[in-house]
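Taken straight from TrEMBL:
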- A:296-318: domain '4Fe-4S ferredoxin-type' (DOMAIN)
- A:438-448: compositional bias 'Basic and acidic residues' (COMPBIAS)
- A:438-463: region 'Disordered' (REGION)
- A:454-463: compositional bias 'Polar residues' (COMPBIAS)
Amino acid sequence: MEKGMKDHAALAEAFINDEERVDWHDGALWWIRQKRDIASKQIPEWEDLRETASRIKNNVLSNLHDYLLQFEANATLNGIKVHWAADAEEHNAIVYSILKDKDIKQMVKSKSMLTEECHLNEYLIERGVDVINSDLGEYIQQLDNEPPSHIVLPCIHKRKEEIGEIFHEHLGTEKGVSDPTTLTRFARRHLRDVFITRRAALTGVNFAVAETGEYVVCTNEGNADMGAHLSEVQIASMGIEKIIPKKAHLGVFLRLLARSATGQPITIYSSHFKKPREGQEMHLILVDLGRSRQLGRVDFRDSLKCIKCGACMNTCPVYRKSGGLSYHNTIAGPIGAILAPNLDMKKHADLPFASTLCGSCSNVCPVKINIHDQLYQWRQVIVREGYAANTKVLGMKAMAWTLSSPTSYSTLGKAGRWVLNNIPFAVNNKFNPWYKQRDMPDGPKESFDAWYAKNNSQDSEKD
Amino acid sequence: MTVGLFIPCYVNQFYPQAAIATLQLLRKVGVEVVYPSKQTCCGQPMANSGFEHLTQECNDLFLENFSKFDYIVAPSASCVLHVKQHLHSATDPAEADRVRSNVYELVEFLTDVLKVENLRARFPHKVGIHQSCHGLRGLYLAQMSELNALPFSKPVHLLNMVEGLELVTLDRPDECCGFGGTFCVAEEAVSVKMGKDRVTDHTKNGAEYITSVDLSCLMHLEGILHRNKSAIKAVHIAEILNSTL
Ligand code: SF4
């Protein structure tokens, strides 16, 4: 962790201080997790679908280079201008140059986590381009000057009263209005004006088909389509891992995506974009941004199979109790915790430890990413590379020493029990994080060792 | 068949009654059990904290203690899972391999190896099962709610043999309790909130006891129950299965 920056534990603690909010955040996400359970259990071949999706993605990752070139060739034939960006800076510069070319000063954006990763909005605003996020949740987050806290439900951590307040402050709705329908209607009217007046629209990409050179964007609000259909310049930003080989594979992923994300059978709009309309320009930017480095890390390359459904976040009890913003990274939750250290190990050294390794994420994941195993592996890497706190290193060394000798272990065990029984305040104090809200176990009079020696001397193998 | 009894460090020091129940239960079902007294810890706390490289001596000690047994059984799913996944030997990898595949959590040993079909036990109480995540998703002791697959549960199979015992149905049958090894202190706030919510699920559904195959989860939940002066008690599954008629 960087000096002065709060780590996940500290940010989570601040979130948990408002327990009522946590209960409701936890409940809302659990409700979606249950919807996902019901939806997935209505499809007898669900587990086969997961396996198929996982294998398709494995194939993609093993042949990424070829599929990308195939996609580029086909997309170009379709009339899409394909660009390549190695990092955020390059991506942002490309977007800006496209807009500058046409002298466009306003752009509407539909939800794209990649452009969040690239901090595109800030970049463009600094250069005099006005950007509006058209996905309702993202729009609210943008008004409140906060990043999304969830990849599918960007403002799930906000109460409707808070949203009403934000609308009142920024859009001039009446004070105290917090009815979701009223607010949504208002936002919709406001965004319609935006769609009509913007000459450029940027969307993310859910799937890009190598075989046909087309791409698919999934939204529930239709905002991507609205922007794209009305614009004269359409830009799509996609991470290079979003490729799938064939159009026939789309069925597998579209069935999995919506069910895993929200429990819907399919997203309301799954829009296919293949070629520009007459008079329209269509650009697609293929962005690496650490993906190829992650592909080279054998233990972590599987993380690139992610289709960003958010199911791992909804199922993760740590995420549900601590909120997405506590992960201080664009992609929060279990998948974020294995993607983030690839981008900046020092800054994100805390994230792989923000898990109990319960394993629910790996089993809910529609593309079978072994998320919790990767969290375990990252811990090993982070310690090996020297990003663990010194006190922890010393503590672990002492533990290893104690546990490697039965004599020192048994002496310390006795000491520990004696302390618990005779001077509990030595451990039951505020410096002991266990004791803050939990009692220590009662120290029994004797250990099992001692009991066994007394009662079973015939089988005991004493030294 | 001789079983080597593996009693994890914290069970040995803090929960000897569960270890005793495990030993007695195994004997009751006719197994010859030996407890190698030079054992310490499986090394999991270090490994899960990112220090797997410091666990070689724990591994060697484990092998020294347990290589001679046909089976190794422990009343802790989490430690068993660690051994199964991470026990390695620099000098005798084949032996480490053999030990890894012969180590069992108590419940799975009773159901899968011994195929126990009846127990003379009585525990006339309402009991909620806390699924240990390492037992559930690591050792697959029961079906997890994430998968689209037929339900089963090895702990329930055994608890159904206990006279008078009534299982309560929880709202979230397999949610993690938030113990997570060093997570419980490194992420104290989240850990406690998760534990409190687990406890509430049991309370709300009328449990008098919370049981589990993992004492580490129970130690955490018990700490919360005690602090909040709850009447609910935490008890390891071995103690229930070993309770007398
Ligand atoms: S890791 Fe899996 S569950 Fe999580 S967002 Fe990606 S695809 Fe969905």
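Note that Cβ sites are derived from N, Cα and C of the backbone, with glycine treated the same way.
Bear in mind that TrEMBL entries carry predicted annotations, made automatically and left uncurated.
In the compositional bias 'Basic and acidic residues' (A:438-448), helix, strand and coil residues by DSSP number 1 helix, 0 strand, 10 coil. Across the domain '4Fe-4S ferredoxin-type' (A:296-318), the DSSP tally of helix, strand and coil residues reads 16 helix, 0 strand, 7 coil. Computed over the domain '4Fe-4S ferredoxin-type' (A:296-318), the whole-number mean pLDDT of the model equals 97.
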